[in-house]
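TrEMBL has this to say about the protein:
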- 74-143: domain 'K Homology' (DOMAIN)
- 153-223: domain 'K Homology' (DOMAIN)
- 251-320: domain 'K Homology' (DOMAIN)
- 323-392: domain 'K Homology' (DOMAIN)
- 395-464: domain 'K Homology' (DOMAIN)
- 474-527: domain 'K Homology' (DOMAIN)
Amino acid sequence: MTEKKAKGPTVTPQLARMRGQWVQETTEVTIKAPNNMLGVVKGSKDQPLRVVGLDKGLVHDAADHIKALVQKAVTTTVTITAPNNMLGVVVGPGGSTIKEIQEKYKVRVFVPQKGSKDQPLRVVGPDKGLVQDAADHIESLMAYEKERRRLSTPVSQTVFIPKAHHGLIIGRQGQNIRYLSLTRRITIVLPPKNVISDEVTVTGLPDQVDQGNIKSERRQHQPVTKMTEKKAMGPTVTPQLARMRGQWVQETTEVTIKAPNNMLGVVIGPGGSTIKEIQEKYKVRVFVPQKGSKDQPLRVEGPDKGLVHDAADHIKALVQKAVTTTVTITAPNNMLGVVVGPGGSTIKEIQEKYKVRVSVPQKGSKDQPLRVVGLDKGLVHDAADHIKALVQKAVTTTVTITAPNNMLGVVVGPGGSTIKEIQEKYKVRVFVPQKGSKDQPLRVVGPDKGLVQDAADHIESLMAYEKERRRLSTPVSQTVFIPKAHHGLIIGRQGQNIRYLSLTRRAIVLPQNVISDEVAAVLCLVKRGRSTFVTTLTSERPLLS
């Protein structure tokens, strides 16, 4: 909140002294507040409220009153990220749930429109505590619905049982598998007789296949980003199937290895030769994720714990050796030609020198960085530094200057002489908006930051000079308040005072047949078809005698 004296236009010393006798100064206080709190001129930006009055104390009291009103009206907003398929839970049948929340917590809940993406829910209200309670209520509703859906969605799990024992699972005339399916409400799928596979798939609701126990078991192990070890019991299944499995399956050790999908080919090798060699050498089985799967680790299984770990180390070494280093470089699209070079010569030279591959975004793509990829981390970074240096050298500096359209002619000059002189002197390019364009700034562009700034300062000084020249050559009117009783003194005996002022480049207008203290002083001198300058009412000789 700032305070200043509400002064009028600058006037001559004599007039200022006269004004000081008759005009009482006022106090002004400005208050900054968000536009949505003003309820006044819609659309204005960065314009504070102003409180003006004669009594300094009352002005400050009014300002405090207004600040209290604004403070009281400020709202709290909490955003909640939610999938689109959860919004119906918040709205409820016919909007009943959202209405109940709004009434209970005295808030407003804004739900994204149907089909919008990545738009959060917004909870808005004046009471911060109630807004947070409403947000917690909504999040609990969504969490409950998410868990309900999870428990009602069938899941599948795979266990590994030797093919030779699949007949025991089926039982005589299918009695075992039928019993398990009926009593546990699960489906057991065995591989066809002509397929050599140990995989048995169990499908059902999570509680039927003990999904919760699996999660609790997994949480006891290390994060998946590291190599983890567990007993390859397979997913926990129904007690009957677990007991049957325990009679038939020899326990194995399993190690999982997380590797990028583009590295799996290194493990498989040409025609599967590498994976076959690993399996035969270490007496293990290696399970590679299917093509296109995401975040699925490699699995190494075998009866000998030591050989399983040796096989895992072998695979990790292969992956580590083949892993590439990638460095991304953000550069403006108009700088990509500098990296490519004439006929691709520059990019080819970089790739050959540093043994890397440089991927340049396609023409017209937006916000796509350059990528430098290679096996040697040091060379990759050296290539990236080389490219950055090229881009930095070619990057230009741009300074924008906001100017009214009626000032552009000053920058251009007669026949473009002024703009040409600026461009040659400062080694820059000056882009002037087209005639009739609105709110388009001037742009000064060049490779040397200092010269660009000097050119911009030169242009601004030209416009400032022209602005002042126009101000001084434009007629203005000023009004001072002099008691009606003193107007005769301004006129003088037989009009000699007022005639003298009028003849010496000034005009004074007094109110006629009106009881008013207003006296207007206007410069009306015109020379060679245009105004020469403006001056306020001054006295080269005393006004009052």
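Here the Cβ of each residue, glycine as well, is placed from N, Cα and C on the backbone.
As the structure is a computational prediction, the values presented were derived from the model and not from experiment.
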The domain 'K Homology' (395-464), counted residue by residue under DSSP: helix, strand, coil: 37 helix, 13 strand, 20 coil
DSSP-assigned states of the domain 'K Homology' (74-143) in counts, ordered helix, strand, coil: 37 helix, 13 strand, 20 coil
Summary of DSSP states over the domain 'K Homology' (323-392), given as helix, strand and coil counts: 37 helix, 13 strand, 20 coil
